[in-house]
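Undergrad: There's a structure below that I have some questions on.
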Amino acid sequence: MASGSVKAAKRYKIKKSTGDHIFDICNYTFMILLMIVTLYPFLNVLAVSFNQAQDTIKGGIYLVPRIWTLDNYAYIFREATIFHASFISVLRTVVGTVLTVFCSAMVAYTLTKQEYVLRKFVTIAFILTMYFNGGLIPTFLLMRDLNLIGSFWVYIWPGLIGVFNLIIIRSFIEGLPESILESGKIDGAGEFRTFVSIVLPLTTPVLATVALFSGVFQWNQWFDVFLYNSSDIDLSTLQYELQKILQNSNTTNSSGSISGMISGMSGAQSSVTPLSVRATMTIVASVPIIMVYPFLQKYFVKGMMVGGVKG
Amino acid sequence: MENNTAQAAVAAGAQRKTSRLGTFARKLKQQRVLVFMSIPFVIWLFIFKYVPIWGWTIAFQDFKPALGFWDQTWIGFDHFKFLFGDERFLRVLRNTLVMSGINLVFGFLTAITLALLLNEIRRVAFKRVVQTVSYLPHFISWVVAASIIQTTLSPDGIINQVLVWLGFIDKGNEILFLGIPHQFWTIFGASSIWKDLGWNTIVYLAAMTTIDPAQYEAAEIDGAGRFKKMFYITLPGIKAVVIVLLIMNIGYLMESGFEPQYLLGNGLNVDYSENIDIFVLKYGINQSNFSLSIAAGMFKTVVSFILLFAANNLAKRMGESRLF
């Protein structure tokens with residue numbers, strides 16, 4: 001059988017027509033072009049972030065910095081606001097991700113218990129929220145009434161559990177062999193013990209997916225900072241600081257001028273320009289994610305497949 | 001006599017009811033750990049997702065923040081009537097529909113095409129590299145993306161450089177793309193595709209792996225070439241997934257996104273970039289006109305709800321018909 005398929009493959013290779021070759025060449029060329037289009041903007045911003053600021057204004061920076069420098073990075077990390085904002089970004093990412101993963105997994109586990117009397121009720125309560133939401137202003141008013149405005153927890157509570165996460169964790173647990181889950185019961189472990197010591201370790205692949213989605217969501221958020229805590233600089237995040245710079249360059253509409261944003265930042269130095277600071281912050285705000293996601297690819301692809309079918 | 005039996009029946013019914021309630025209570029007590037593990041989150045859900053719906057009442061009031069709920073003046077549908085006579089709201093509605101339409105049509109076409117082409121690549125390592133790279137823009141925030149897009153589109157950005165190099169424009173006449181109002185939809189569409197193209201292929205590639213290889217072999221024996229196999233085996237093989245996703249996406253027609261429009265929009269292209277979400281934000285937060293803002297948001301949610309519900313039912317029915 002095996003030799004037969006090898007023979008078939010060989011014959012296939014021999015039979016490869018010139019049309020096939022042309023198609024392959026076009027296809028590979030297209031893929032390389034696609035990668036260039038995807039990556040070039042990043043690499044360009046990366047080059048600008050390592051290039052001397054005054055020199056960048058002259059233009060002509062593409063993939064390699066002309067005058068290498070670390071001044072731009074030194075500048076933003078000396079800037080107390082940005083340093084603190086990075087700290088808040090990390091904090092909300094860690095706290096938000098841990099809580100989301102643990103709570104979502106716990107609820108999802110109860111939903112896999114066929115004998116649980118409230119299973120239907122809880123499921124429907126969650127599923128319904130996929131169809132509607134109160135909208136921006138009612139949610140804003142709710143946060144105000146809950147005294148969450150000006151608080152760190154406004155970043156955590158509203159997005160604690162997502163229905164999509166529930167669905168992918170639930171279907172993963174349902175796919176586990178029944179016998180393993182039952183083994184806890186025989187040992188006399190309660191539901192919570194079973195969940196913590198048996199289910200959690202066995203679901204790490206799907207929890208990695210949920211952690212990635214949740215971590216990316218938390219790290220990338222700027223809108224809730226803008227909406228709830230824009231007047232509280234102590235709760236600002238990296239993404240929001242970048243958004244403010246972006247908005248500023250939008251209104252002044254001249255990417256090269258030092259006015260506007262630098263005057264808004266304390267300790268203005270002539271060695272940096274808004275353009276370079278923006279590029280540097282863009283890199284700092286995206287590098288943590290770029291470092292992580294390729295390693296979780298196998299997991300999130302699987303998660304998307306489950307979610308795509310069931311969701 | 002008759003009276004008696006009726007009474008007995010009522011008593012029996014009541015007993016059955018209490019006994020059913022009893023079993024329920026007993027089970028609930030038995031499963032109290034499960035209850036403790038899930039009900040706190042249902043309370044969370046109620047507060048954060050259901051309570052805000054109550055805020056919709058504000059759309060029917062002449063809302064004054066200083067007054068309590070019972071002291072507000074109720075004005076019925078006046079805000080809705082105003083919205084549909086307002087030129088700005090109608091423009092915003094048009095922008096919303098056009099931009100989500102762009103997303104829907106081009107998002108689908110490009111993702112399916114890329115999935116088909118990726119599927120034709122036999123070198124596994126190369127394929128994986130392309131996929132990893134193509135997922136990259138999905139994971140960065142729209143703030144970062146907007147910053148990168150602004151740099152790329154700026155007068156000294158790469159697009160202008162290439163246009164100069166190709167001789168389409170003269171040096172010194174570089175185009176300020178984000179300043180041309182009617183170009184915004186193009187920029188929005190291109191940016192959205194750039195960001196999510198690779199990500200959107202995941203589902204299609206997954207569907208393609210479920211196609212039976214014997215089909216390809218059979219087609220080869222019949223003398224089918226590359227393209228024939230793509231059109232007559234691969235495409236029909238993912239048809240079901242495409243249809244279900246298409247229907248589901250129609251349910252999100254009112255959701256054209258918020259971040260790209262907000263971050264790439266400016267005073268010059270506002271007539272084309274402003275959508276319902278930005279309208280809601282500007283009226284609600286910047287001008288504190290809660291009533292009008294909630295009315296606009298509520299209109300969006302209600303239309304979305306109807307579309308989503310219809311889409312879901314349709315998708316389910318299609319899913320069932322697939323079984324036969």
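Placement of Cβ uses the backbone N, Cα and C atoms for every residue, glycine included.
Below are the features I grabbed from TrEMBL:
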type	residues	note
TRANSMEM	A:21-43	transmembrane segment
TRANSMEM	A:82-109	transmembrane segment
DOMAIN	A:86-296	domain 'ABC transmembrane type-1'
TRANSMEM	A:121-143	transmembrane segment
TRANSMEM	A:155-173	transmembrane segment
TRANSMEM	A:194-217	transmembrane segment
TRANSMEM	A:275-296	transmembrane segment
Undergrad: Using a Cβ cut-off under 8 Å, which residues of the same chain at least 6 positions beyond either end of the transmembrane segment (A:275-296) come close to it?
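TA: That would be 42, 45-46, 48-49, 51, 53, 56-57, 72-73, 75-76, 82, 86, 208-209, 212, 215-216, 219-220, 238-239, 241-242, 245-246, 249, 255-256, 261-262, 265.
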Undergrad: As a test: from A:21-43, A:82-109, A:121-143, A:194-217, pick the stretch that has the greatest number of Cβ pairs under 8 Å with the transmembrane segment (A:155-173).
TA: A:82-109
Undergrad: Can you work out which residues elsewhere in the same chain, 6+ from the ends of the transmembrane segment (A:21-43), have a Cβ less than 8 Å from its Cβ atoms?
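TA: Residues 63, 286 contact the transmembrane segment (A:21-43) from elsewhere in the chain.
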